[in-house]
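Reading through the structure tokens given below for one structure.
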Ligand SMILES: CCCCCCCC/C=C\CCCCCCCCCCC/C=C/C(=O)SCCNC(=O)CCNC(=O)[C@H](O)C(C)(C)COP(=O)(O)OP(=O)(O)OC[C@H]1O[C@@H](n2cnc3c(N)ncnc32)[C@H](O)[C@@H]1OP(=O)(O)O
Ligand SMILES: Cc1cc2nc3c(=O)[nH]c(=O)nc-3n(C[C@H](O)[C@H](O)[C@H](O)COP(=O)(O)OP(=O)(O)OC[C@H]3O[C@@H](n4cnc5c(N)ncnc54)[C@H](O)[C@@H]3O)c2cc1C
């Protein structure tokens, strides 16, 4: 319907090619470092290609589809992936290939909560017999389960959850009830339309006595008709800011009866006579959340920011607007120091959080191995670290994506840029798997407890909180000094708020009031604690990684930039704590600006090294060829509103005024 408008040779494509020629490092090697080795890069590309070449997984750009179409396509693709593509290609969970799935998955898919929460919960909370019964069914999608914990009235405060599971000795069943509207399960992914089972977190009641939150497998839909079972009211909660392909659901249960065996009973059991047997710590009930807080940040936040950086940096390298040199040619907006100051620190955030996250995954794996042997002594430490890490990463990356979006000017507001989609995808990561403020407070609770102990009684990673403050020798801009600066700040923050807490409670104030009155500083302490962890982990990675000198230099520069950018945006905190002087802050600012200038020629190369395919980004601004304007025009042509030259409804409503206008204008014309 629209005529084609094409430049013979787009200037934008030429500009981005020049950028690539100017890069001062081997891009492929940085990709290998990012992936964890050359073989991993090859494997990832193989898996991505397998998914991208598959005709079943192709669909129109998401910005041209309705919610209904997006949900339908996502379900069709997900069912195919889990039942055909994965088993037919021998890609089993736990295999090396599996590590690369999140990069290969279509841009929209669902059944994820079934895969990442329902299945792992069966494994964590189920006895051997229960795992043997439920796991194969779940892996084959014979049953599809949601993780139904949050209710309309309660999400964060789990002790307040209202859904009840009352044991009926006579029938050897649990009776599941949502006593009030506020007790209805609300939000669980995959539950609204696709799930036929749910892992329901409910308050266990035996003979009138409450035993707290436990996990039950509840069938909610008939397996042959998919109709809700008696007593079950279930559906989709409606349109959201994002995740439109996912059927986040509501679930209201009235006298739903399930067999006694459906209480997942690895950690606690109800005997036929109603005796309650506790086999392990109550805290293991929270294990599923720790697992997700450790493992989700990579795919749900860090990769999302990496994509946003790719889009914004490629676009900024070809978008020419204004002059730097009076009388000269228009410049790429990436040449403005202020544009570099927006975007390049986001790149540093991607690298810092990715490598720090890998450290936490390793720590968590070690914890799981110990737990299998009955040792959960590191639980509090891993809970505190994973809670604040999830909070900090989701917060930094969400802010970063919005910075990238705005850095693309007007086009960043267009769905065709891919950036609104990324922003809507990343924003809820600050809320799900534990609302960030609530998570920071959990970390702070642990840190304050640690502050009253001796270094020898604390885990190695925490002992610095109670040890003497270290001196910085030499420039603030060295990586060693950055670590010292952040460690000192975290220690002083924690000690300061602990002192405040003690003083207030010594004055007789109730602990809950003390806590509320100190909460602003408590959250700040948790943030500083996790920042020192992230910086420390990034520095260790940069120091130890085996790579060529140019790559090492880029990583060192990004590492330094990450620390300095944080200092410069929070300098008041560092000055207030007395960790840095005004002179240090001035130097930190100058050095950051120098680093931006140094990294600028490599910026396109660094985002190329993330190696996102065009189809994994669906972005007219971020495609590899830099051909932004033609792509924007082509995408606009696909808008469903452009299906016909004249939109009948717009014409119908406006026609009377247009006819008036025509008559007036024709009258004027005939007078003339
Ligand atoms: C063939 C298979 C193929 C598979 C293919 C897979 C392909 C994969 C591809 C891609 C993967 C990526 C895809 C991802 C897609 C993601 C989509 C989005 C998913 C979103 C899913 C979201 C799910 C959810 O949101 S679930 C709900 C989460 N809810 C929460 O997190 C609630 C937060 N609240 C809490 O955690 C707690 O209740 C609380 C701690 C805030 C409560 O506080 P309080 O009452 O004060 O504490 P209490 O309960 O009394 O606790 C007392 C002590 O326990 C300690 N503690 C608390 N929490 C924990 C914990 N987690 N671990 C350990 N200990 C804990 C607490 O500190 C107290 O200790 P103390 O010693 O007494 O001080
Ligand atoms: C996209 C998405 C997917 C989800 N998927 C699932 C799922 O699959 N399964 C599931 O069970 N749930 C799911 N959830 C729900 C999610 O886990 C909860 O929304 C989340 O845990 C936050 O709880 P809340 O909504 O009750 O927030 P609230 O706790 O009500 O938060 C509201 C405000 O109160 C503040 N606040 C709360 N408590 C405190 C406190 N103690 N001190 C200071 N401030 C406080 C918070 O900081 C926040 O500012 C999902 C949510 C989203 C958005």
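Every residue gets a Cβ built from N, Cα and C, even glycine.
It should be emphasised that the depicted structure is a prediction, and the values quoted were computed from it without experimental measurement.
Listed in TrEMBL for this protein:
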ACT_SITE  433  active site, proton acceptor
BINDING   150, 189  FAD binding site
DOMAIN    27-144  domain 'Acyl-coenzyme A oxidase N-terminal'
DOMAIN    146-256  domain 'Acyl-CoA oxidase/dehydrogenase middle'
DOMAIN    286-448  domain 'Acyl-CoA oxidase C-alpha1'
DOMAIN    479-658  domain 'Acyl-CoA oxidase C-terminal'
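In this structure the alpha carbons, written CA, of residue 150 (FAD binding site) and residue 433 (active site, proton acceptor) are 10 Å apart. Neighbour list (residue 433 (active site, proton acceptor), Cβ cut-off 8 Å, at least 6 residues apart, same chain): 289, 292, 293, 296, 390. Using a 10 Å Cβ-Cβ cutoff, residue 150 (FAD binding site) registers 18 neighbours. If you take every residue in the domain 'Acyl-CoA oxidase C-terminal' (479-658) and average the pLDDT, you get 97. Counting every protein chain shown, 24 other Cβ atoms lie within 10 Å of the Cβ of residue 189 (FAD binding site).
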